[in-house]
Amino acid sequence: MWWDERVSARFRRNLQPTLTYWSVFFSFGLCIAFLGPTLLDLRCQTQSSLSQITWVFFSQQFCLLLGSCLGGVFKRTLAQSLFALFASSLAISLVFAIIPLCHNVVVLAVVMAVAGLAMGCIDTISNMQLVKIYQKDSAIFLQALHFFVGFGALLSPLIADPFLSDTNCILSNSTANASSNLPHIRKSLVPHHPGNLSHFDLPMKGMVVTRVSYAFWIMALINLPVPIAVFFLLYKERMVPCFSSSSHPLLSADELAMEARPTEKDDLSTTVQRPPAGGHDDLFSCCQSKNFRGASFTYFAVHVTGALVLFMTDGIVGEYSGFVYSYAVEEPLSVIHKVAGYLPSLFWGFITLGRLISIPVSYRMKPATMVFINVVGVLITFLLLLIFSRSVIFLFVGTASLGLFLSSTFPSMLAYTEDILQYQGCATTVLVTGAGIGEMVLQLLVGSIIHDQGSYSFLVCGMIFGGLAFTFYAFLLFFHRMYPKPSADVDDVSPDKPAVTDDAGHYQR
């Protein structure tokens, strides 16, 4: 194997939980990407206007952000984390099964809000648990985790595509003209920005003819093994109530990492300037004043600058995937609609490819180096896109390049920030929340700017966001140099060292 025996042994000891967390993130990806291509058919199903149905995007994304903030609540024990993941992954399957039964746009928005909460919990808890298990070896496993998001995000549109309506799915006297615009409207649907569709007129009354229900039921069945896998992990850990009496629960990862280690070197750990032990809280617990006592300025600065980097980079992912089609079909490029439709797929495809490539690369390269390459690559790509803004060929090349550079930013930044903070504090929760806010806010902002200033501002905004991401990363490097280093004795007993035989990340005795 291309990694060393120590990491390989740790992976083998944690094989089932690791695969379970990866599969749960597949559910996350499956749920995050289906709404765009199916939204027109859901508009027909609910017999709502385009402006009304696009607010379903907001319902999902806002509750995803809320779920990310609250996800840390369930971290206190391994049992709470696994039960939350089981409930969340099962909720996603139920959401897929219930969506075809939603014939009112408000009901659909509520159902998508439930999906958003489940996705937010999955996002926070899965990242937290992998960081707890592998700690300084977590970078490679986080890269794999985020590959499964991309894989799910690629799969769900492919499942939905054969069942999407080729003509308007509400039959009325005015469908002829509307149907000719349907492919363009489908590609123009942008989350959180319904105003850009106000000039399209589609019928709201008539006979509904859509087969998209089959796509959702297929996705519900595909996702069903995920909650089953989480249940099996709960069963193995003797955490299912009706099976828990036969033997004592196995020692959890957070009990080992957060309790056993400090007792060995409790006096030495006080030499390192840290916030109180027991980090990885939910966002609201992180903001309590008791967590600030004894924490240095750099402790807060690392959290804030790390979150701001992801605010910008995840915001770029959202705004680029949402508006690249609209940019391509407008002047001066004027790409035909069918060709421009490949751009979002190309972007997400190279994000998934980049995450796959990053799995072995992250073992040989430090997370800090990977993030530096990513933010510089994003900045250079946007600069070249501006220079060659009239070249259709370079738009495709730049889209692929941007996908590659953005692909590993989140897991690399998470691994780097957690490493700086010595796996204390609230880095995972704060970074996940910052990324979610960025994806929402920047997409709204760019949509408004494009509406007022024209399509060229799309690339200008991307260049500005890329420059800000690089600036915040430079500040993060500066604060890293100022952050208190752990003492040699404390570091020697950290669970990532090969001399320690009782690995802090393992689930079994």
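Cβ from N, Cα, C; glycine included.
Segment annotation: TrEMBL labels region 'Disordered' over residues 488-509 (candidates 246-267, 268-289, 488-509).
Here the transmembrane segment (52-74) does not touch the transmembrane segment (369-388). Their Cβ atoms form fewer than 3 pairs under 8 Å, with each pair 6 or more residues apart. Tertiary neighbourhood of the transmembrane segment (138-159): same-chain residues 3, 7, 11, 18, 21-23, 25-34, 36-37, 126-127, 130-131, 215, 218-219, 222, 345, 348-349, 351-352, 355-356, 358-363, 367, 370, 407-408, 410-412, 414-415, 418, selected by CB-CB distance under 8 Å and a gap of 6+ residues from either end. Contact counts against the transmembrane segment (456-479), taken as Cβ pairs under 8 Å, peak for 369-388 among the stretches 81-99, 105-126, 369-388, 394-416.
Ranked by the number of CB pairs under 8 Å to the transmembrane segment (214-235), the listed stretches 21-40, 81-99, 105-126, 297-317 are led by 81-99. When Cβ-Cβ distances below 8 Å are used as the criterion, the transmembrane segment (105-126) is approached by residues 21, 24-25, 27-28, 31-32, 35, 42, 46, 48, 52-53, 55-56, 59-72, 74-75, 81, 84-85, 87-89, 91-92, 95, 98-99, 145, 428-429, 432, 436 of the same chain, each at least six residues removed from its ends.
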